[in-house]
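K.L.:
If you look up TrEMBL, you'll see 31-359 marked as domain 'Amino acid transporter transmembrane'. Look at TrEMBL and you will find 33-56, 76-95, 107-125, 145-164, 184-205, 225-249, 278-298, 304-323, 335-357 tagged as transmembrane segment.
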């Protein structure tokens, strides 16, 4: 949830600098299909994350609205439209460099949200009228296997979150050391935040836990399972953080679009560059918002993005590019370790993609477009 993304702030530098990840790809395969394949994966992943951020932010607004006005007429897609409008305005921040303070705020919000949610779960679990806990697995063996690979894909998406801004960001030499420090920090935050919230939520609610734990703590029937002020503050924290996440990951797509649409000889705020930037970024946010409203499948989207995007980008392509670039002997330990990792995670990615898409199709059969509920 918290990433360190350092980017030069001038438009003129965009046309001359290669990002760290692309530079490695270019060295391995020149400017051919491999470069565009990686760019395609990066763009697909960031678009998926952008859709997910808008969807969850809209759900947070819906939670607050339902508490203030239980019989209100507004639907989920109305809140998604509101979030999209705000994101469209915020998206006009020009570069990664413009977001450096937002990233710090996102980090603090992550810790604040986690502290509140874990405390609320512990409080709910120790109540006299604590919710019943069911830790049983699915009865059908095939369903358990498919769910396991879907979960692997979701975990890959969680741990892969930190690598995209680091790869895309142009870092001053030596880039490698700075990327390692950024990723170590990111993975540390993930371990503290994601896992503490996931473990405490599962401890309280078992397999009935919602993907948005706040909805489990604020059930549709009966009183809230934690103090109202705690839950309200947690909702605000995660809402603000989702804006930060959406901005960071959308910037990658903007960089790709604007390398083709911008004129590096003119100023960043010149009419020649400002108008295309406003149009392209607005259309991109509208695209993400439309799909978030039309298909609110949060868990399923996470699984597909992890299987199709993060597993290849994090566990397959680096090993492939290393073997192609440094050409270790086929009899060497390094070569076979890299090859084994590629084979194992190719299988995991294929099975994860199949199981995630299978779940998406299964959920779609009992779902209407522009639903008022987020599908786990």
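Any Cβ shown, glycine's included, is placed from N, Cα and C.
What does the local environment look like for each feature on the list?
P.N.:
Residues of the same chain lying 6 or more positions beyond the ends of the transmembrane segment (335-357) and with a Cβ under 8 Å from any Cβ of it are 145-147, 149-150, 152-153, 156, 300, 303-304, 306-308, 311-312, 315-316, 319-320, 322-323, 328-329.
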K.L.:
In the same chain, who gets a Cβ under 8 Å from the transmembrane segment (225-249) while lying at least 6 residues past its ends?
P.N.:
1, 3, 5, 46, 49-50, 53-54, 56-57, 60-61, 63-64, 67, 83, 86-87, 90-91, 93, 96, 99, 102-103, 105-106, 109-110, 112-113, 116-117, 119-121, 123-124, 127, 130-131, 164-165, 204, 214, 216-219, 288
